[in-house]
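> This is the structure, below, for whatever I ask next.
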Amino acid sequence: MKKEKAVVVFSGGQDSTTCLFWAIEQFAEVEAVTFNYNQRHKLEIDCAAEIAKELGIKHTVLDMSLLNQLAPNALTRTDMEITHEEGELPSTFVDGRNLLFLSFAAVLAKQVGARHIVTGVCETDFSGYPDCRDVFVKSLNVTLNLSMDYPFVIHTPLMWINKAETWKLSDELGAFEFVREKTLTCYNGIIGDGCGECPACQLRKAGLDTYLQEREGANN
């Protein structure tokens, strides 16, 4: 894959930044695409742009604000509380988000001569999101290939690993401190270790604590 080109679906968060570093290792040329869907914190887009600039990656931002019009949710509406009731999808779930993001990423990839698409979706920590499942990604991969008559390959480096293992991967890629200090995972828009209170921060911290304990144990 070293001679080929890839497009990374990129939010500036822990997972997609780890995937960006993974793609840089795997491919000769990498571009990143970020989607503006009127998310609560535009800082997410700024963060993604800053990371791409620092890494020398061509970065495209696409307007997907129609998602907020079609599917109001807690990620785009400040008047909606972030909740997750047992047996229900979290209020942060956006209907069709990954379907649309991957579809538009594929259109961009074909235009720039890339057949590889990289996304940070993960079934291990997927929080009940149906569009993070491996079966969905594989199904969409086939659909995209048929719809554009183009040999896309969607890569999901994080699909079967948990948050602690994602931290481990970033460390193996030489990007641990970069990911920890410069990415934005927090629903409240705080870069780095975040607010520590929202579900995204709690999941990130739990994984970080577990990995640091494992790393310390391995070094002793």
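Just so you know, glycine gets a Cβ as well, placed from its N, Cα and C.
Okay, so Swiss-Prot annotates it like this:
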BINDING   PHE10, SER11, GLY12, GLY13, GLN14, ASP15, SER16, THR17, THR18, CYS19, LEU20  ATP binding site
BINDING   CYS186, CYS195, CYS198, CYS201  Zn(2+) binding site
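How buried are the listed features, and what sits near them?
GLN14 (ATP binding site) is surrounded by 25 other CB atoms, counting those within 10 A of its CB over all protein chains shown.
All protein chains included, CYS186 (Zn(2+) binding site) registers 22 other Cβ atoms within 10 Å of its own Cβ.
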> Of all the binding-site residues here, LEU20, CYS195, CYS201, which one's CB has the most other CB atoms within 10 A?
LEU20
> Test of understanding: give the count of other CB atoms lying within 10 angstroms of the CB of THR18 (ATP binding site).
27
> Quick one: pull the CA-CA distance for CYS186 (Zn(2+) binding site) versus THR18 (ATP binding site), whole Å only.
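About 16 Å separates the two Cα atoms.
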> Around the ATP site recorded as PHE10, SER11, GLY12, GLY13, GLN14, ASP15, SER16, THR17, THR18, CYS19, LEU20, what other same-chain residues have a C-beta within 8 angstroms of the site's C-beta center?
VAL8, ALA48, GLY120, THR183
> Mind telling me which of the binding-site residues PHE10, GLY12, SER16, CYS198 has the densest Cβ neighbourhood, counting other Cβ atoms within 10 Å?
PHE10
